[in-house]
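Here's the structure we're looking at; comments come further down.
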Amino acid sequence: MNFVQENNHVLYIWNGAISGEIEQEVNRLKAIPNVQVNVENADRVLLAGYTPSQFDVVLANVPSGNSEMASSLLKLVKPKGKVVFKDDSANAEATRSNLLLSGFINITSLDGNVFVGEKPNYEIGSAAKLSLGGNKAKVAAVWKLDVDDDDDERIDEDELLDEEDKVKPTAESLRVCGTTGKRKACKDCSCGLAEELEAETKGSAVANSEPKSSCGSCYLGDAFRCATCPYLGMPAFKPGEKIQLTDTQMRADI
């Protein structure tokens, strides 16, 4: 009876036939000041219609291995209330495991196969708000401007550009290639230097590819020219005179 205190509401559950020992235990409970006792048979407790969290203590003379009974009694006691099982046939380890699975905490075993389980300090299905953010420190408004503050210096947009910045650039001033002294186009040249150098290269190739006379008599006329002479069919010309040959004349007949 050490589990029952003054002003407690107690549910006493008996199993089998009522004996003199049961009557004595109930009378001892009623002798405690302001203790209200409800006596119920184990086969009827689930049908009695008790409200959840109605009792402070439940004294159950029933097998503790009954999972359905243990879960039902857990609902009947108030948070932090206790359910005391007295089961002579119980196995200590099996009883402890069953009470844990039913939702009890702080399970203890006493002499005489008595097992005590406590209901957690909350109701089934209850919720609690978790404060994970903590106290957020106030951040100084560094970029906040006061429109009424005349001490703030503002930049004049007209002073951002000089007169030199307003002059329209020319193609030569925008050219990046060849500014280091050596005329060399960049990899992705877009200023026109690459095309200019390519044209110069082709011009020098044409100049170097001008045919030269091996016999030295080409200028005299066809009578003195070889069968493969590029000047064949052309009139005689002065020695050293520059003669422009067409593409067809530069190709071999065979």
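Glycine residues also receive a Cβ, built from the backbone N, Cα and C atoms like all the rest.
Note on Swiss-Prot: of 177-191, 192-206, the range annotated with the feature region 'Fe-S binding site A' is 177-191. In Swiss-Prot, the annotation motif 'Cx2C motif 1' applies to 215-218, one of the ranges 103-106, 159-162, 215-218. Among the ranges 82-85, 226-229, the stretch that Swiss-Prot annotates as motif 'Cx2C motif 2' is 226-229. Helix first, then strand, then coil: DSSP counts for the region 'N-terminal SAM-like domain' (4-132) stand at 35 helix, 39 strand, 55 coil. The motif 'Cx2C motif 2' (226-229): residue composition by secondary structure is 0 helix, 0 strand, 4 coil, according to DSSP. Rounded to a whole number, the C-alpha distance linking CYS229 ([4Fe-4S] cluster binding site) with CYS186 ([2Fe-2S] cluster binding site) is 43 angstrom. Looking only at other Cβ atoms within 10 Å, the busiest spot among the binding-site residues CYS191, CYS215, CYS226 turns out to be CYS191.
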